[in-house]
Amino acid sequence: MNKYFSTKMSIFVFATPALLLFTVFCVYPLVPEIWMSLQKHNGFQSLGFVGLDNYKAIFASSSFWTAHKNTYLIVGISLLLGIPLSMTLALFMEIQTPRLRRFFKSAAMFPAILSVTVVAQIWLAFYEPNWGLFNSILRAIGMDSWTHSWLTEKNTVMLSIGLTFLWQYIGLNAMLFYTGIKTIPKSYYEAALIDGANFAQVCMRITIPLLQNIIKYVLILSTLGSMAFYSHVRVMTAGGPGDKSRTVIYQMYYTAFDTSEFGKGTAIAVVFILECLLISFLIQRFVARDKLEF
Amino acid sequence: MSKASKLKSATLLAAVLLVVSACGNNTDSGSNQVSDNSPAPAASTDNSAGNEKKIKMRVITITTDENRNKIMDEYIKPNIEKALPNLEVEFEPGGGGEDMANKLKTLNASDDMPDVFWNDAGYFTPLKSTGSIMDLTSAITADGYIDKYAVPDALKHVDGKIYSLSSGADTYFTPVIFYHKDMFEQAGVKVPTTFDEFMQVSKTLKSKDMVPAVTPGKDGWGPKLFMLQQMIQIGDPQAMADLVSNKTDFSNPSVKEGVARIEKMAKEGVFPEGISNLDYGPAMEMFTSKRAAMLMMFTWELPNLAKDDTVDFFPFPSASDKYDPAKVVQFWGSPLNGYAVSAKTEHPDEAVKLAEFLAMADALYFESTGAPISLKTGNAASEKSPLMQKFIDWYNPIPTKIASFALNSLDARTSAELSSQGANLLTGEYAADSFVTAMDKIWSENTWFDN
């Protein structure tokens, strides 16, 4: 076995197909994309080389910055609210009886397996301002002044969509954490119990530190997943009202396809690719670098 | 060559073959190919050749409104096999609005245009500039189809060519305000004749816990397609006509006043909460279920709404002496709206026949509803509903018909930005001045009139 599979050649053999596919489908498309971002382009033909004009134009556009604000708001919701809640849910599942645990596991996974369109339609009904669930409850308990047109007011639209996103994927992350928890040796918990540690101390001193690889994985998944946030916006508000709920990906789509300015659209894409690379690098560089063995 | 090198070469070759096969353009599997499920060897345009192989055709058309779905289910699908036995037609839902536009623009960019598709002024320009849309003049002249049109010249684009075949019903589509007579009676209000009266009627309806008026607002549908035009037109029709023909811009005081009227309606609760995110279907449902007293909508919904005896309509009420609804009206039609044929289809003759069949299906449907059409079906004129007759009696004698701003004045960017700005305006959180400032800049960069 070693003769064939422990050599540099074997690394080359196994890596080549994937590398080739990655190059053809991921790296190569960047080249024409960058080239297109330097042209005035309507999607069908180049209307001339414009240098960095597309980049200047997108940086001067308020919609570009609104889209960034919205995207990073979703990232923030996903990381600051989503990950702690997922972790809490996972810890909660761990201490349940097997029967309840099965129920919670199924309930947690259910939203994640639904299509985005279905989830968005359900939440559209919740948010409907005239007869929707949320406003109806608020009116029923006499809190009329708290009712909102959730998806058309500039202060509530992005938070409302973010909550939908959170609801859909919180269970998936919880399942990842739960799977990680199950890999931690029982003996650690037994020793902690003998030493008189309570539940919170066990979580803070044993469970969470030993989950760092899973946390890193969920962090990357949640960050990049949130940055690619598009489908919920498309179905729920179409980026509106105006540009109030556009994310960067949506702004890129809008610019390229709705306004037929593919040069500017690809310029947004290039800038966003750089942002994603930078964030990915920062996570890799600073989060959970120590090798964990137990 | 060493074993290692041979193994490396074999692996690389396999990987390259995998990639090439995935990326390859299989010329044997296009949409225009002859299917294998028939024993005859060649494609044929002969309708009597029932046993010959069928030619596959792909059609993309609008699928978002009830009329279109009825035409498809009741007039196209049940009859197409008999009318065109040599064709095997695959219908692909196109959606509507920006979705339809983006779909066709994407298919055009990837050189994968359907053989026949619904054309629209909103995405005609890129299709024309890439040579993707066929001039139908010679084909429909040769087979005599053009003679079925009451006014053949109405089919011609400004360049003199014919790109689309329609029933001609579009010309009769105009925005009006439908209302429930019983809800008006219940609230004790009368049909308004001025904009101020309209606002007062809305206030009264609202005070009776009724939603005064509804219209699709998501993605700025209503403001872009008719509301902006109507609100300008009811104050100064000439200013609107000038805007359509690029003789004025958004800094025109009459245009600003029109925009301010939309802001006023949004702020004073004429529309339901969340109007700027209200889609076409829910807006229609809100009116038909009598949760809203009025509906601002094009008359293409008139045949469906006329089934309810409590529904009537009135023109947009006047905001100044310059406007008289009996003398000026907006019409929807554009010679570009209709079934078009891809210039790149492998079977142009069959595709033209298919487009002709589809246009006739449209005509038969609209004729059955009592709507006026310009494509002659050969049938005797059907009896019109009282509401349709009322519409025709009002619409036909109107001497000045202003073309649609949305269809005849906007390039892709201006159209998209007007949608966004219009949706903003409906929130009631966006000032008319901000709208005017934004649109004035976008309008100055509009390339529609450059061609």
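Just so it is clear, glycine is given a Cβ too, placed from its N, Cα and C backbone atoms.
Look at TrEMBL and you will find A:68-283 tagged as domain 'ABC transmembrane type-1'.
Listed by sequence, the residues of this chain that lie at least six past the ends of the transmembrane segment (A:12-31) yet keep a Cβ under 8 A from its Cβ atoms are 270, 273. Feature annotation from TrEMBL assigns transmembrane segment to A:12-31 (among others).
Among the features that TrEMBL reports, transmembrane segment is placed at A:72-95 (among others).
Listed as Cβ neighbours of the transmembrane segment (A:107-126) (distance under 8 Å, sequence separation of 6 or more from its ends, same chain) are residues 89, 93, 132-134, 151, 160, 163-164, 167-172, 174-175, 231-232, 235-236. The transmembrane segment annotation in TrEMBL covers A:107-126 (among others).
For the transmembrane segment (A:157-178), the residues of the chain that approach it from at least six positions outside its boundaries are 70, 73-74, 77-78, 81-83, 85-87, 89-91, 93-94, 105, 107-112, 114, 116, 119-120, 123, 127, 150-151, 211, 214-215, 217-218, 221-222, 225-226, 229, 232-233, 236-237, 241, 244-245, judged by C-beta separation under 8 angstroms. Per TrEMBL, the feature transmembrane segment maps to A:157-178 (among others).
Look at TrEMBL and you will find A:214-233 (among others) tagged as transmembrane segment.
Under the heading transmembrane segment, TrEMBL lists A:267-288 (among others).
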